[in-house]
Structure formats: C-alpha cells, structure tokens
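*Asks:* Here it is, the structure, as structure tokens.
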Amino acid sequence: MSIKSDKWIRRMAQEHGMIEPFVERQVRGEQDNRVISFGVSSYGYDVRCADEFKVFTNINSATVDPKNFDAGSFVDIKSDVCIIPPNSFALARTVEYFRIPRDVLTICLGKSTYARCGIIVNVTPLEPEWEGHVTLEFSNTTTLPAKIYANEGVAQMLFLQSDEECEVSYKDRGGKYQGQRGVTLPRT
C-alpha cells in the first residue's frame with residue numbers, strides 16, 4: 001500500500017471526479033485575508049467545511065445512544081462560523097463530494113491549526129468505492145467556546161492505494177452512508 005502524491009490526486013480528481021469541487025493548489029489567502037489552508041498538498045488534500053452545522057446540546061436526553069440517536073439533540077446552524085460550546089461537539093460536512101476508487105482507502109487527519117487550539121476533528125476512513133459528502137465531527141476539548149470557520153481548511157485526506165483491489169467494496173456491501181449529502185446523523 002502506498003500513499004498517493006499531489007500529481008495522482010490532481011489526475012484522479014480531474015479525470016475521474018474523485019473530488020468535486022476540486023482546488024488544484026493549496027490556498028492560503030493573502031496577508032490581509034488569511035484563511036486556514038485548503039486544496040492539494042504534497043501528499044494529501046485539505047478539505048473545507050461547509051456552512052451547515054449541527055451543534056450538540058444535551059437538553060433533550062441524559063444518554064447518548066448511537067442505536068437510538070435523538071436528532072433533537074442538535075441545534076442547526078447555517079453560518080460562516082460555528083461556535084462550539086465548551087466540552088461539546090458539532091457535526092458538519094465537507095464542501096467537497098468524494099468518489100473513492102475501488103483500490104483506495106482514504107484516511108482523514110485533523111489540521112494542526114485546530115488541534116493546537118484543542119479542537120479535534122474525527123472522521124472514519126473513506127472505504128473503497130464509498131462516495132458522498134464527508135460528515136465531520138469537531139470536538140471542543142477546552143473549557144471555552146471554540147470557533148470553526150466554514151469554507152476554510154479543517155482536515156487533510158490521505159489516499160492509500162493497495163497493491164490489489166478489495167474483494168468486496170463499501171458500495172458492494174450497500175453501506176448505509178453511501179451517497180450521503182449534507183450532514184448525516186448516525187444510522188443503524
């Protein structure tokens with residue numbers, strides 16, 4: 001298994017629609033308009049967060065149950081920024097829509113800009129032949145409110161290509177998150 005370079009990522013996005021919309025260079029903004037970087041990097045792709053957020057609140061239930069999750073536990077926010085309460089979390093989605101090749105596994109890592117502020121990004125691997133918007137989970141590990149910026153970089157995707165194709169892909173299994181659009185809540 002090997003990690004894929006900027007050239008491979010660019011080719012797969014342009015010729016096979018692996019990432020849409022696709023930014024073929026790393027965008028950092030300018031001195032008077034700084035942004036958290038996004039787009040192609042040397043061995044990955046920095047994704048942006050869309051302006052749709054679901055901020056967790058515990059006013060409706062005392063227990064979080066992934067098999068019976070209460071959608072009322074979230075407050076929907078559409079904004080260029082999202083404020084996450086202390087020791088809480090928010091869900092969002094990527095601006096980008098992904099189509100993962102059959103011989104590729106994609107791993108997501110948080111960006112250091114957020115990690116150094118106590119904001120952790122969690123995303124499970126994007127499996128072979130999965131497609132959709134990526135649902136992002138932001139944990140605010142601090143005792144203060146934390147800010148997330150929409151349409152700026154929030155995490156980096158690393159593409160690992162196997163020496164052989166998998167026998168059964170996510171699409172073949174009929175995965176429950178296949179083709180998801182928007183922020184997607186837990187499914188069982």
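For all residues, glycine too, the Cβ spot is worked out from N, Cα and C.
These figures come from a predicted structure and were not determined experimentally.
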*Asks:* Which of Gln156, Gln161 shares the dCTP site with Lys111, Ser112, Thr113, Tyr114, Ala115, Arg116, Thr135, Leu136, Glu137, Tyr170, Gln180 per Swiss-Prot?
*Replies:* Gln156
*Asks:* Is it possible to get the count of other C-beta atoms within 10 angstroms of the C-beta of Ala115 (dCTP binding site)?
*Replies:* 13
*Asks:* Looking only at DSSP and grouping its letters into three states, which state does Lys111 (dCTP binding site) belong to?
*Replies:* coil
